[in-house]
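If you check TrEMBL, you get these features:
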- 26-405: domain 'Major facilitator superfamily (MFS) profile' (DOMAIN)
- 26-52: transmembrane segment (TRANSMEM)
- 64-84: transmembrane segment (TRANSMEM)
- 105-127: transmembrane segment (TRANSMEM)
- 173-196: transmembrane segment (TRANSMEM)
- 230-246: transmembrane segment (TRANSMEM)
- 266-285: transmembrane segment (TRANSMEM)
- 297-315: transmembrane segment (TRANSMEM)
- 321-342: transmembrane segment (TRANSMEM)
- 354-377: transmembrane segment (TRANSMEM)
- 383-401: transmembrane segment (TRANSMEM)
- 428-452: transmembrane segment (TRANSMEM)
Amino acid sequence: MIFVMIETKSYPSRADRYLQKHLHPLVIFLLFGTALIRVAAFMSLPFLAFYLTSTFHFNSFQTGVVIGMSGLGGAIGGIIGGGLSDLFGRRRILNLTMIGWTSIFFMYLFASEYVHFIVLSFLHGLFRSFFDPISQACMSDLTSEEKRLQVFSYRYVALNVGMVTGPMLGAYLFHWLGIQTFAVAGAIFALYSVMLRSRLSRYRHRLNKPPTKRRAHLVNCLRVITRDRALGYYILGGMLFFMVYAQMESNLPIYLSNEIPDGSKIYPILLVINAGLVILVQRLISKWAEKKHPLSSIVLGSCLYTLGFYCFSVNENPLMFIVGMSLLTFGEMFIFPVTNQLTDQLADEKYRGAYYGAANFAQLGLCVGPILGGWLLKRFDGLTMWNITAVISILILWFYAMGYRKYTFRRQVAVVDIVYRVLLDLKLVFVVKVVLKLIPFAVFSGIIWHLLQKSP
């Protein structure tokens, strides 16, 4: 008797085929939540500084410390939240995070001492840094690799929707409700927390399960991310990015109000330009970036950032600030989503949350940036501050390039191939070839000129 072995192929189900072409419903809900909770946060927190100075009469330094604690909490909390999500599962940690984050907004109603506001600001940054990397890890878990950059771009747009809508609502609510605006924000957070809990329970089978040997995996997690030199370079590059980015929200309004006539009226226009361009143009830029090398976006973004800050130092014409903010916005759109993609390339699936959390440590730049910029503005002047910021912006490229080199070295990718791909993306291959061909002629001409100068 002859037995015939027939090899059968397993085909994806209809649901899996649908998710390969479309975004997972939970990813869409997380994007919606990113916009919603940012609306709630930005309609309350930007007015905290005004509340502290007008009601409690804190000076500018005390208020700055309170605001800076949020960035410090964000830098510290990222790796903790991401690592916990890898150990105990995304769903459990995300639910606990939303409960804690929601309670913070209601606690602001009862704060009456300086230390209360410092602690609450720190905890706000801490829980925000829990939510961001864990939600990003969830999106990455549920999205195919070729669509992840698109999802990161959508998330970036969602953040900017919150940044535009939140302050407009907050200006109205804070005028009528004062500190009670935080109760409205807390109610929005509570509503989304309930909705998120339901959605996470519905799709819990799609989310990663916690490992069984938790203690061993915690040690492995810390060892993996601390030994990854590529991640270290990415964190340093991200820290510089957040340092220069923070100038737009901290020292730019101070410089405009003190140095430029009617500068306080120009700043809201610049914010509208920033957020409006992101909402309108980000989709086009992300489609371009999906087909290009990640470093191509970093190169463009760093150069645009340098030019944007240089425009601030040229003169005090409001038009130059509009041009500069437009360049900075385009640079931001090129850099921000790609940094998430680069981190995602490094991350092993079981340590993805920890990697996103570790990358969140770059938000320390949001704490250092305003302090450094404020010192430069006070010690020297605005022109010096903007020029130094422009130089720092170009260094972003160096750190990300070094990190990517460490990443590709393990995969035996030649540096020449990376450089050629970037030049090809930016359509600079022809220019480089012409320059290389002109170098011998330029050297020969220089030698002849030097000899002619020496001859009697």
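The first residue you see is number 1, and the count goes up from there.
Cβ from N, Cα, C; glycine included.
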**Prompt:** Would the transmembrane segment (383-401) and the transmembrane segment (297-315) count as touching if the test is at least 3 Cβ pairs under 8 Å, pairs 6 or more apart?
**Reply:** yes
**Tertiary contacts of the transmembrane segment (297-315) (same chain, 6+ residues out, Cβ under 8 Å)** = 244, 247, 252, 255, 289, 321, 323-328, 330-335, 337-338, 382-383, 386-387, 389-391, 393-394, 396-397, 400-401, 422, 426
**Asked** What else in the chain is close to the transmembrane segment (428-452), if you only count residues 6 or more beyond its ends and a Cβ gap under 8 Å?
**Response** 420
**Fill in**
Long-range Cβ contacts under 8 Å made by the transmembrane segment (354-377), restricted to residues 6 or more beyond its ends, are 64, 67-68, 70-72, 74-83, 85-86, 125, 129, 132-134, 136-137, 140, 221-222, 224-225, 231, 234-247, 249-251, 254-255, 339-340, 343-344, 346-348, 384-385, 388-389
**Prompt:** What stretch in 26-52, 64-84, 105-127, 230-246 has the biggest tally of Cβ pairs under 8 Å against the transmembrane segment (173-196)?
**Reply:** 26-52
